[in-house]
């Protein structure tokens with residue numbers, strides 16, 4: 001008996017040692033982060049998102065040049081006085097290609113399903129999605145300058161060439177999973193695969209369409225993404241027009257002022273991903289982190305936009321509010337936009353593509369509705385546009401706060417199919 005009592009503590013110690021070894025595998029600090037394969041893939045996705053969104057934004061930048069000039073070498077008008085009211089209708093055509101381009105984003109979530117450890121998904125997705133903000137910044141800043149100097153066709157040539165390079169980089173670097181990746185270390189491969197064992201793994205089972213259509217968490221994500229895309233689309237499409245028409249800033253300064261919010265948002269978006277993962281390490285519930293990020297990314301941003309028409313005296317103040325609004329809106333990258341990975345990891349790619357497809361109706365509707373409001377009421381048109389933005393944004397946020405979840409849904413869990 002004495003020997004048995006002496007051996008039991010050692011047995012406990014060896015068991016605890018094994019548990020500590022398992023825990024160490026799941027701790028992100030023990031595995032290289034920045035110089036790793038998963039962060040390299042996030043960087044490639046960052047540049048792919050950069051060129052995807054940049055090619056859409058230049059449509060909005062160059063559309064004014066197409067309307068105001070009959071020759072590619074014509075100069076931009078220095079003020080908005082030369083911009084006819086019908087140009088708002090022509091601007092409606094530009095964002096419609098965004099609905100097709102947004103389908104690319106859904107495919108990225110199939111990568112993070114197998115590449116993103118649960119406690120790093122916020123930062124990895126934020127790094128990847130922040131490329132869209134860098135694309136907006138570059139297109140708005142450089143697009144006007146290229147149109148002035150070389151002509152608006154060269155904007156498409158340059159950004160199209162960058163897109164071809166990113167496409168080639170995608171085919172070379174991106175792999176389906178860590179096990180087939182040739183340039184990954186053994187420790188990182190073991191870390192990713194062991195951390196994802198806790199997740200529901202995908203099997204060849206059909207998507208339960210009826211259950212998805214009845215799922216309120218899915219609808220909350222779709223409506224929340226739609227309302228946030230309404231905010232983002234308004235900023236992308238109408239920030240240059242607003243600054244030019246209200247403050248009569250020439251196109252070169254307009255590009256600088258319009259691009260400033262997006263470079264600040266690029267930084268905040270990446271930092272927000274790290275903060276979200278930091279809160280998870282402090283025992284915050286996952287749904288709490290997602291909803292906090294979504295609130296901070298929607299409510300303050302739309303409220304600041306609403307205040308713009310009441311600050312006509314200073315374009316510096318307006319630019320500061322636009323910068324803060326755009327920066328805060330990127331916090332949704334760590335909230336509602338990656339929530340699909342939480343509730344249905346097995347079907348995250350399809351559901352993210354579906355939610356983005358649903359939300360991409362906003363870039364199509366925003367120019368139509370906003371252009372109509374601006375053409376019908378020149379005096380209070382901007383105020384009506386921004387109040388409509390706030391109402392839609394708040395409605396989607398409330399719906400998400402009520403019905404949003406972060407637990408894996410029953411219909412998304414792996415199950416055995418039995419037939420009678």
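All positions are counted from 1 along the displayed chain.
Glycine residues also receive a Cβ, built from the backbone N, Cα and C atoms like all the rest.
Per TrEMBL, the listed range annotated as transmembrane segment is 385-403 (candidates: 233-251, 385-403). Within its own chain, the transmembrane segment (385-403) has Cβ neighbours under 8 Å at 216-217, 219-221, 223-228, 230-231, 234, 238, 291, 294-295, 298-299, 301-303, 305-306, 308-309, 336, 369-370, 373-374, counting only residues six or more beyond its boundaries.
Here the transmembrane segment (124-146) does not touch the transmembrane segment (350-373). Their Cβ atoms form fewer than 3 pairs under 8 Å, with each pair 6 or more residues apart.
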